[in-house]
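Features of the protein shown, as given by TrEMBL:
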| type | residues | note |
| --- | --- | --- |
| ACT_SITE | His20 | active site, proton acceptor |
| BINDING | Arg151, Glu247 | substrate binding site |
Amino acid sequence: MINKNILIRCDASQSIGLGHITRCLVLANKFRKSKCKVFFAIKNNELAIEKINEQQFDMLISNDDNFDYFKWIVDIIEQQKIDIFIGDIRDGFPIELISYMKNKNILTVAIDEPSDYAKECDICFYPPHAIIDKTKYKGKVYQGLEYVILRPEFYEKFEKVKNEIPNVLVMMGGTDAYNLSYEVVKNLYKSNKEIKISVILNQEHPDYHRIINISKNISIFSNVKNMANFLSKIDYAIITFGMSAYEMLIMNIPSVHICLNEEHYVASNYFYLNEYAKKYRIKDIDKIVINDKKIDISLNQSENIKKRILDAVV
């Protein structure tokens with residue numbers, strides 16, 4: 001039996017979305033099944049608190065008054081007797097904390113991290129699209145499709161729905177912080193009136209009612225409980241680039257990536273060069289053409305990240 005105390009540092013908010021916390025929760029549940037105790041260190045944000053509460057993990061929330069990053073994490077480490085640290089955060093996490101943890105014989109791990117602290121960690125994991133120079137890392141670096149973290153539902157068998165009218169998904173991230181959904185749907189409907197458009201968008205979003213009023217062929221979904229089942233009814237997708245790109249890939253859905261920045265535009269090359277997706281910058285939203293390339297790829301549910309981490313501390 002493995003009884004390790006694990007600290008995961010990640011966040012969720014309207015601006016950074018839900019991607020980091022979603023995959024960290026998947027990983028946390030895997031560790032929970034291995035009898036590990038998992039703690040989340042998060043900033044004081046309602047969205048993050050809600051998501052972690054839903055899955056009943058312990059949270060250690062920062063105090064916004066006189067915030068001291070180093071002291072906050074050190075106090076958690078000492079109080080909870082942490083054995084393993086996992087970082088999926090891009091907020092200037094202090095490199096000095098990695099040195100501190102290593103001196104305490106705490107295994108340090110980074111998930112898909114471009115931050116400098118990752119180069120000091122014992123182990124780093126990256127999806128295949130990540131552009132990294134492994135020679136600059138002090139620890140072990142693992143990269144590939146086998147290190148993509150998706151929710152378990154994506155590995156269940158599903159039957160693809162055959163639609164008479166093409167069903168196109170528009171999903172601009174968990175929060176649509178850039179308010180892109182309306183413009184994408186408006187332009188898509190203008191050029192393709194003989195399609196059905198399914199939009200994933202929070203009911204509280206300011207453009208919710210504007211979108212629903214464009215056409216009766218447009219449906220908005222706010223609380224999708226099983227994304228894999230939902231995607232089995234989708235023929236094509238227009239999404240913001242992120243981990244959802246791999247959700248479309250495993251469901252064999254040809255996609256269009258809207259890249260929020262140049263880093264995303266370059267990272268999307270993995271999908272673009274393999275003809276899994278087309279890619280556009282935000283300024284080119286009005287030029288989007290649906291990707292109709294067929295995809296036939298399968299991914300196996302991976303235990304690789306959990307196994308490699310626990311093997312390193314046993």
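Note that Cβ sites are derived from N, Cα and C of the backbone, with glycine treated the same way.
Nobody curates TrEMBL annotations by hand; they come from automatic prediction.
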C-alpha spacing of His20 (active site, proton acceptor) relative to Arg151 (substrate binding site), in angstrom: 12
Fewest Cβ neighbours within 10 Å, where candidates are the recorded positions His20, Arg151: Arg151
Between the residue listed as 'active site, proton acceptor' and Glu247 (substrate binding site), the C-alpha gap once rounded to whole angstrom: 14
Sequence-distant neighbours of Glu247 (substrate binding site) in its chain (C-beta under 8 A, six or more apart): Leu150, Phe154, Met227, Ala228, Leu231
Secondary-structure category, per DSSP, in which Glu247 (substrate binding site) falls: helix
